[in-house]
């Protein structure tokens with residue numbers, strides 16, 4: 001399962017906080033998929049030779065992302081180790097990514113919410129760099145929109161990541177980490 005973090009609503013589209021949603025939108029459109037709606041999230045499914053890939057976009061605000069997991073667990077019978085969370089990172093330069101097998105919630109409230117509900121941080125995450133915070137107020141920065149040049153760079157990154165993430169598995173995870181973490185757009 002790939003969970004893209006973001007805030008629902010048009011007012012948040014193309015903001016730095018919504019790169020998780022933007023990447024999932026690219027994967028969905030590139031593969032001719034459609035979103036289906038549940039009470040707390042939207043999702044799409046792909047059947048692959050290696051199994052199915054479920055793409056999820058929460059309908060909750062970022063800081064409440066963990067609240068959808070009771071529904072997800074009952075709907076899809078998933079295991080935490082098969083979860084990949086895609087989110088923004090203000091400490092990474094724009095266009096740089098970091099794929100990690102597990103880790104702490106750090107200061108990201110979306111991850112804190114997920115880890116709190118799951119009772120574990122034993123899941124993978126893909127951090128997408130959204131640029132350095134030149135503003136003092138982190139909230140204003142992550143809710144700000146990208147400029148055209150930044151969007152162009154991110155479009156290339158989303159194309160690359162959509163190809164790389166579709167066939168990610170336990171068997172090839174280390175190779176994907178190396179390829180994704182060494183990329184720069």
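Glycine is no exception: its Cβ is also placed from the backbone N, Cα and C atoms.
Remember, predicted model here, so these are calculated numbers, not experimental data.
Going by Swiss-Prot, these are the annotated features:
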- 17: active site, proton acceptor (ACT_SITE)
- 12, 61, 63, 109: tRNA binding site (BINDING)
- 7: site 'Discriminates between blocked and unblocked aminoacyl-tRNA' (SITE)
- 88: site 'Stabilizes the basic form of H active site to accept a proton' (SITE)
For tRNA, whose listed binding residues are 12, 61, 63, 109, the greatest C-alpha pairwise distance in Å: 17
Inter-residue Cα distance where the pair is residue 17 (active site, proton acceptor) and residue 7 (site 'Discriminates between blocked and unblocked aminoacyl-tRNA'), in Å: 7
Listed in sequence order, residues with CB under 8 A of residue 12 (tRNA binding site) and six or more positions away: 6, 18, 143
Among 7, 63, 109, which are recorded positions, the residue with the most C-beta atoms within 10 angstroms of its C-beta: 7
Reduced DSSP assignment, residue 88 (site 'Stabilizes the basic form of H active site to accept a proton'): strand
Spatial neighbour of the residue listed as 'active site, proton acceptor' that is closest, considering only the recorded positions 61, 63, 88 and their CA atoms: 88
TRNA site, defined by 12, 61, 63, 109: further same-chain residues with Cβ within 8 Å of the Cβ centre: 7, 17, 60, 62, 64, 65, 110
Count of other CB atoms lying within 10 Å of the CB belonging to residue 17 (active site, proton acceptor): 23
Residue 88 (site 'Stabilizes the basic form of H active site to accept a proton') and residue 61 (tRNA binding site), distance between Cα atoms, whole Å: 14
Cβ packing number for residue 88 (site 'Stabilizes the basic form of H active site to accept a proton'), 10 Å threshold: 24
Per DSSP, three-state class assigned to residue 7 (site 'Discriminates between blocked and unblocked aminoacyl-tRNA'): coil
Rounded to the nearest Å - Cα separation of residue 63 (tRNA binding site) and residue 88 (site 'Stabilizes the basic form of H active site to accept a proton'): 13
Rounded Cα separation (Å) that holds between residue 88 (site 'Stabilizes the basic form of H active site to accept a proton') and residue 109 (tRNA binding site): 11
